[in-house]
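Going by TrEMBL, these are the annotated features:
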- 1-78: domain 'Signal recognition particle SRP54 helical bundle' (DOMAIN)
- 90-267: domain 'AAA+ ATPase' (DOMAIN)
- 91-291: domain 'SRP54-type proteins GTP-binding' (DOMAIN)
- 98-105, 181-185, 243-246: GTP binding site (BINDING)
Amino acid sequence: MAERTPWSLSGALRGMFQRPTITEDTWDDLETALVGADFGPDVTEAVIDELRANVERYRTTDPRDLQRMLRETIEERLSKYDTTLRLTERPAVVLVVGVNGVGKTTTIGKFARFLGTYGRSVVVGAADTFRAAAVDQLATWAERGGAQIVRPQQQGQDPASVAFQTVEFAKRTGTEIVIIDTAGRLHTKGGLMDELTKIRRVVEKQAPVSEVLLVLDATTGQNGLAQAQAFIEHAGVTGLVVTKLDGSAKGGFVLAVQEQTGIPIKLVGQGEGIGDLTGFTPHVFAQKLVG
Ligand SMILES: Nc1nc2c(ncn2[C@@H]2O[C@H](COP(=O)(O)OP(=O)(O)OP(=O)(O)O)[C@@H](O)[C@H]2O)c(=O)[nH]1
């Protein structure tokens with residue numbers, strides 16, 4: 001993965017180090033930096049309270065100590081969630097959900113490639129069957145990612161039947177991982193959630209669903225989260241994928257979204273290339289975020 005970290009706080013924290021010691025202005029700068037990076041008011045307040053207490057306890061006045069404490073606090077908060085993908089079933093079935101435009105198709109291609117680098121075989125099911133162009137686009141990304149694809153036999157085919165056929169294909173061929181693409185928008189939210197429920201029910205006749213990954217676009221931050229609320233409430237989401245971090249100054253969204261939803265982040269997308277998806281490692285992330 002290319003090293004592009006526009007979401008790093010290092011620029012925003014620069015002011016903090018222009019003063020030789022920690023002053024009230026330092027705390028103001030820190031608050032501005034955290035709010036600007038989309039940590040959200042609650043997390044910002046909690047982090048600052050914790051840091052104030054630590055600075056007092058260790059009687060330090062050095063801004064560099066404050067930076068280290070900030071890194072540790074963020075890492076500790078990020079680590080409260082288990083970010084490991086659970087893909088031990090064979091086949092392991094992953095449903096990918098989220099509103100249109102967040103990067104779902106791209107993520108599926110990148111995820112297939114990611115799994116391929118660990119030697120896993122992958123088949124993608126095109127269960128967003130209403131737009132032929134979407135199926136073609138998914139097929140292109142599946143191919144780039146080195147995965148097979150099961151397409152609908154006709155436009156508008158029941159998404160659950162495509163999902164069923166994809167799992168069937170995996171069982172027949174010994175393919176290890178099944179990734180099911182799902183629709184991001186239907187006429188009604190209720191309709192969309194019913195469709196997801198049906199896909200799950202039909203898949204579970206053959207194999208358990210190992211993960212339900214909700215894709216979120218970092219550039220839309222809190223707005224994007226509000227749009228995805230129905231999935232969080234009804235789709236049994238087990239993990240989050242945050243995309244487009246490379247085009248975002250909102251690194252704090254990663255922590256805020258985990259704390260607000262209580263759902264771990266499992267993958268992070270940082271670019272439009274097939275290799276631009278990684279697992280989520282709190283230590284590495286906190287290091288890059290705070291510097
Ligand atoms: N910079 C950047 N762009 C991304 C990333 N992931 C996806 N994109 C871009 O976001 C746009 C939307 O991605 P898609 O994968 O088509 O999104 P989708 O959710 O499947 O959208 P629909 O096809 O409309 O349902 C594309 O232009 C992608 O190249 C990322 O991590 N970084």
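Positions of Cβ are set from backbone N, Cα and C atoms, glycine also.
Mapped onto this structure are the features recorded in TrEMBL.
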| residue | record | Cβ contacts under 8 Å, 6 or more apart |
| --- | --- | --- |
| G98 | GTP binding site | K104, G184, L214, V215, L216, A228, F231, V241 |
| G101 | GTP binding site | G184, D217 |
| T182 | GTP binding site | L95, V96, V97, A127, D128, P159, E195, L196, I199 |
| R185 | GTP binding site | V99, N100, L192 |
| L245 | GTP binding site | W7, A218, G251, V254, V268, G269, Q270 |
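Checking the binding-site residues G101, K104, T182, R185 for a CB within less than 6 Å of any atom of ligand 1 leaves G101, K104, listed in sequence order. The number of other CB atoms found within 10 A of the CB of K104 (GTP binding site), across every protein chain shown, is 26. In the three-state DSSP classification, G98 (GTP binding site) falls within coil.
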